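Annotation comment: TrEMBL describes 160 as active site, acyl-ester intermediate. According to TrEMBL, the feature active site, proton acceptor maps to 163. Annotation comment: TrEMBL describes 217 as active site. Summarising the annotation, TrEMBL assigns substrate binding site to 322. Under the heading domain 'Peptidase S11 D-alanyl-D-alanine carboxypeptidase A N-terminal', TrEMBL lists 127-351. What TrEMBL lists as signal peptide is 1-36.
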């Protein structure tokens, strides 16, 4: 039997191949366009997502900034309220001046402490001259007539006014003024931490130390005078109190020679008696009213000045003076002076400002010169 014969339509195979080729080719040509479109869509979605994320992050950042600003504003408001409350409680007038003066005048004190006179309410007592001092006494030295009195019997710390009694005890003992005394560690102030240019080891004569104690209120000088007194410090302080008793200073007590301790106390009336007697000593008059002095300390020459600027004022005739200050006593000043032909003793205790005690002295002087009458 013979083989079957394939029957075909002439040319059909070639055309079918061309058609299939075109279909395949068309698919191949269309696929990149679809892919590109899909890729573009994905890229757009990614960009949109990124923008959305950035927007969200920006929103969070803004929210955080707003929250931070709100907290800062709240803190500022709280601080302002606290400041207002503090200002409302802050003392005004003289009490504010006390705090300001003490903060500026005492290096070791961050917060001013009220003086004994202020604690007792003596600063609220008025007087015809509107003095800044809580205590004042003006007396005619010859007649003992009291021209002005304000809380004269009040017993208060007197600070470095104590050095007048220190000087009086040294002068009365007639100790050699040329004897050399060495400043030791024992003379360093451990009570108030006051400064001194007399370093430990400094050697000066007794006369030089007395001069510095009265003129410049040198604490180490005053302490050294007491320490080297025959019998030592205890005997010196004892003699200070004995002298006070002999002068009729019944309200007075001394515990050391510098005045740094608030235990050294007296009244304006008692201090007037001390000034009167001290004025009779030529050495105390000279040393206390000296405007300044140079002292040889080792290889150096140190200039010391008077703590009372009125001694340099040619309008004042001051025969004896002494200033003093510790926070418990306030600013103090005692003087013997001549005004309008009258010899006067002036005592001012617990004055606030650095120069207010001098201002009080000036007020008294002008009043005496203009009226020459007692109040």
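The backbone N, Cα and C atoms fix where each Cβ goes, and this holds for glycine too.
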Number of other Cβ atoms within 10 Å of the Cβ of residue 322 (substrate binding site) across all protein chains: 31
Around the Cβ of the residue listed as 'active site', the count of other Cβ atoms that are within 10 Å: 25
Mean per-residue pLDDT computed across the domain 'Peptidase S11 D-alanyl-D-alanine carboxypeptidase A N-terminal' (127-351): 98
